[in-house]
Amino acid sequence: MKIQTIIQIVLISFLFLNVESKKINCLHLQQDECIKNKDKCFLSNVNSCCEKDFLMCLPISSKYCESQTDDVFSNKNILKKSPPSSSHEWCLKKKKSILRFNTSCVPELDLDSEYFKPNLYKCKYSKCQKGFKCVDEKLHKKCETENNPCCKYESKCVPSKDIDQNEAPIFKNPKGQLAQDIYNHLNPDSPQFKDKPNHENHKKDKNNKKHKKDIKNNSDKNNNNNNNNNNKKNKTINNNEPNQNQQSNPIDRTFNNETPFPWNFKNQDQQQQKQEQTQKQTQKEYFKAGSPYPVLPNLNKEPTTHLNTIEPTSFTASASRYQLEGNDNKDEENIDENNGEDKKKKKKKKKDDKSKKPKDDEKHTKKPNVTEQPADDPSIEITEEPTITPSSSPVHQDPCKKATCPNGSHCLVYGNQAYCKLDKPPNYQTMSPLPQKQQPSVKKMDSLSMFYKKSKMLLSEYTTEQRPQLTCSTIKCEDDEVCINKVGLNPYCQIKPPPKPVSYNKTSCSQCPIGSYRCNPNPNGSGVICETDAINCRLIACKEGEFCIDNIENTPPKCYPKLLCNLSKIPPDYYCISDEIRGGFYVKYESYIDLSCETLLCEGVNSYCVENGGPICKTWPNDTIQYQPSCDKCPKDTMSCTPNENSNNKGVVCRIDRPSCSVIQCPDNQYCVNTDKGPKCYKRSIECSNSRCPRDYTCKRDEIRGGACLKN
């Protein structure tokens, strides 16, 4: 007996270690390990604005975040209406930190966090999905990561106020009270399999419904006959009769068809007994459900109390799934035994035939299956019977009950954590697809400030790619401008100084270079001086894929490779414009120029600007003389009003002498604008090379004003 007890303890200890070893903490896995465990973990690429990009291993199966998303986009009917894959981007913000998740799943948020969808344009030109509202909020972070829409947007879609609490709508409990009781007792603290009920259980729904009433009646019947049945069982065990298997355990095992386990409870009030029994029964049933090995009988006939220390949260998912699949037949057999005396007699006859076989042979020859528990062993002594009934299932909280997800998404529980998942791709018309990011080089991990609640993450961090440098070959200056490239500053354009001719000392004019326009005698000595213009790009032929630049300060004309906007990595605060000669060039983004009489260009000698809810260009009449019936009808800028000398026309003659910018001289660095209230001087502040006009307007370079917005 002692040897058997020692063997049992060793096997149980090994089982405990094996169950613990199968626990996987996705948050602590590296990239390769996270990919290998994709049935439990999901590798998500996370982009931050002012930090390095990194990979995060989320504790949720990849099939919830990848397969379902791919299946939706594989539908040809939806594919025609669905936006690009970037519509699955979530922007998570807390205080000054912003992260982008390019997945349909996001971690659970705390009260200080918010998630939103970025828009490239303002709400006037953007559209949000149902359950979201658009808010104009402009953000252009200086330390933004390239091509990260969460760091650079004009507006955002945020959850609207009419968000209702989501009670995990995707969860579907197994049909039938029997299957539900089995699930509740085998998985008291783990709701992650509720969303995928077993298909075999659904096939047996009709049988479960058929026995639903029998379970309730039998539970009441068994509670009344507990004392008598227990005495019969004890008598059978002590006598060791050949028909010992005929007397079945009177405990109703509608939720537990495994090998009976020793109970150790005290007879107390029913409410207190249920609470204590629920906790202990949960731990014992977990051990049986999660065990990949058969449960050995208790050979020493003593209750084993050391198993209660096992944490119920560390059970194996596969074992509980197998147990749920294989229990229905056994449950139906146990229920049939209690339906009537006729069924009991039939069961006893079958058991009598089986009991004739020697127990030792059966014990040594038949090896129990991993997914099946061995038959009842009469050597186990049940000291007291539990008062718990199948209808009293353990109470466990659903994380989705406290979670709030916006319309268009639903709550998903995995690993005792709540996630908000999109039901279908949202209808975003403003999102632009992101280019595929190349695999960056690995660098030593820096400390990142993560803002997730109860998260301990080991991040596989990667360095961001080097940002492109601005040069005079990637920006465009006008023909009369020169590009200045100083150390520590971005290149800029300024007015080109007058060209200086190039002189050559030659012995005669015939030796002057081609293109020389002047040949004069040398006043200092013999020979001549040949004068020619500096060499320019018109005299240089570049090879294919290059272009020539000759307006770089202190740099001779040179060929540079063309810039392709679709393949280039655009610097922050810049956008790329295609060009036939240069291939493309960068233009700096700045705030939209506010339209006013100061920034609006009104072309024409008699044009002037009127501030009337917005600048408007109007034109004065060409005539400076108007005929009016009386002097009070003359314009405000009338200098004189005289009677009409023409006898044919009655009235007065209004002589107009308008003050205009033609007679106004503004201070230095200022320019004059004709308005309806007279000429005004404004400070020169606009440069078309680094400014943008609003839509339907173009920035026109002007020598006096520097630049102004002209309506298209």
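The backbone N, Cα and C atoms fix where each Cβ goes, and this holds for glycine too.
Keep in mind it's a predicted model, so treat the numbers as computed, not measured.
Pulled from Swiss-Prot:
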CARBOHYD  Asn102  N-linked glycosylation site
REGION    181-400  region 'Disordered'
COMPBIAS  204-214  compositional bias 'Basic residues'
CARBOHYD  Asn217  N-linked glycosylation site
CARBOHYD  Asn234  N-linked glycosylation site
COMPBIAS  254-269  compositional bias 'Polar residues'
COMPBIAS  301-321  compositional bias 'Polar residues'
CARBOHYD  Asn369  N-linked glycosylation site
COMPBIAS  386-395  compositional bias 'Polar residues'
DOMAIN    399-421  domain 'Follistatin-like 1'
CARBOHYD  Asn407  N-linked glycosylation site
DOMAIN    471-494  domain 'Follistatin-like 2'
CARBOHYD  Asn505  N-linked glycosylation site
CARBOHYD  Asn524  N-linked glycosylation site
CARBOHYD  Asn566  N-linked glycosylation site
CARBOHYD  Asn622  N-linked glycosylation site
DOMAIN    660-682  domain 'Follistatin-like 4'
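Recorded features from Swiss-Prot, shown on the structure.
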residue : record                      : CB count, 10 Å
Asn505  : N-linked glycosylation site : 13
Asn524  : N-linked glycosylation site : 8
Asn566  : N-linked glycosylation site : 8
- Can you grab the distance from Asn505 (N-linked glycosylation site) over to Asn524 (N-linked glycosylation site)? Cα atoms, rounded to a whole Å. 11
- Item | DSSP state at Asn505 (N-linked glycosylation site), helix/strand/coil | strand
- How would DSSP class Asn524 (N-linked glycosylation site) in three states? coil
- Query: Which whole-number mean pLDDT does the model give the domain 'Follistatin-like 4' (660-682)?
  - Reply: 85
- Item | Distance [Cα-Cα, Å, rounded] between Asn524 (N-linked glycosylation site) and Asn566 (N-linked glycosylation site) | 58
